[in-house]
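Here is the structure we will look at, set down as structure tokens.
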Amino acid sequence: MGGDTVTVKVEEREIEEVEYEEMNDGDDDDDDEGDDATEMAIHWVQRRSLMPRTLESQITLEKTPSYFVTQEAPRRIFNMSRDTKLIVVVRNPVTRAISDYTQTLSKKPDIPTFEGLSFRNRTLGLVDASWNAIRIGMYALHLESWLRYFPLAQIHFVSGERLITDPAGEMARVQDFLGIKRLITDKHFYFNKTKGFPCLKKPESSLLPRCLGKSKGRTHVQIDPEVIDQLREFYRPYNIKFYETVGQDFRWE
Ligand SMILES: Nc1ncnc2c1ncn2[C@@H]1O[C@H](COP(=O)(O)OS(=O)(=O)O)[C@@H](OP(=O)(O)O)[C@H]1O
């Protein structure tokens with residue numbers, strides 16, 4: 001379970017990255033699912049003790065993608081601090097599954113095809129909802145576990161699509177949710193043609209602009225369009241339930 005911690009110094013108007021050694025291989029993938037409960041609990045205690053001291057004027061952010069889909073995470077976070085604000089970046093679950101597969105394939109080139117892994121029975125159109133790449137995108141199910149502990153008002157959903165097309169707008173919503181001044185604005189982003197994505201610049205500093213790493217924004221594996229349609233159908237009820245629960249239409253259909 002890889003994760004990063006960031007301290008946002010609200011008053012000093014400065015964002016400081018605090019890097020920690022990863023607990024394991026630093027991989028953000030969800031291949032830690034096999035961890036047994038004890039190991040997870042130890043990781044949790046270690047992780048908490050690694051959180052930096054936070055002054056009244058600071059907010060500490062921790063980023064661990066797998067929390068959203070980890071059964072025990074809502075209870076543990078609630079027990080640590082019930083006031084924790086939660087931010088979840090969600091994107092079209094079909095694109096998310098292909099992105100996930102593309103990432104795994106880059107590390108393990110011998111895995112079966114996406115089409116092969118997606119179905120329990122392709123002829124019958126039976127999607128394999130136990131495959132992580134598919135399961136993670138069933139957002140409505142995962143959200144249920146969180147809503148048992150946290151009110152919806154404490155959870156903010158970032159649109160992964162808008163984060164690419166309008167990063168400043170999406171960041172404005174994040175800052176409003178956190179109750180901090182809108183310090184990150186369109187001045188902090190520019191579109192990098194080579195990368196094909198928005199990248200960061202820090203207008204007030206001499207630091208060079210910075211794009212996300214090579215593993216973010218890769219060309220996706222080509223998938224049979226029929227399979228894409230089948231997955232779109234599969235996700236539709238989960239997406240609709242998700243939109244209804246959060247009161248926001250992410251327009252994935
Ligand atoms: N600015 C910018 N630059 C590059 N990539 C961007 C950006 N904004 C969003 N994205 C999308 O982020 C996707 C990778 O994020 P991950 O989900 O793998 O990150 S993490 O593992 O949760 O940290 C990555 O998915 P892929 O395109 O499938 O690689 C991107 O589409």
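Note that Cβ sites are derived from N, Cα and C of the backbone, with glycine treated the same way.
For reference, TrEMBL has these:
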type	residues	note
DOMAIN	80-236	domain 'Sulfotransferase'
BINDING	R91, S99, K216, G217, R218, T219, H220	3'-phosphoadenylyl sulfate binding site
DISULFID	C199-C211	disulfide bond
Could you check the binding-site residues R91, K216, R218, H220 and say which one's CB has the most other CB atoms within 10 Å?
R91
With the Cβ under 6 Å from ligand 1 as the test, give me the qualifying entries from the binding-site residues R91, S99, K216, T219.
S99, K216
The record names R91, S99, K216, G217, R218, T219, H220 as the residues that bind 3'-phosphoadenylyl sulfate; what is their largest Cα to Cα distance in Å?
16
Out of S99, T219, which of the binding-site residues is least crowded by other Cβ atoms within 10 Å?
T219
Cβ neighbour count within 10 Å of G217 (3'-phosphoadenylyl sulfate binding site):
15
Look up C199 (disulfide bond) in the DSSP assignment and reduce it to helix, strand or coil.
strand
Cα distance, C211 (disulfide bond) to G217 (3'-phosphoadenylyl sulfate binding site), nearest Å?
10
Rounded to an integer, what is the Cα-Cα distance in Å between H220 (3'-phosphoadenylyl sulfate binding site) and C199 (disulfide bond)?
20
What's the CA to CA span in angstrom from C199 (disulfide bond) over to K216 (3'-phosphoadenylyl sulfate binding site)?
11
List the Cα distance (Å, whole number) between R91 (3'-phosphoadenylyl sulfate binding site) and C211 (disulfide bond).
20
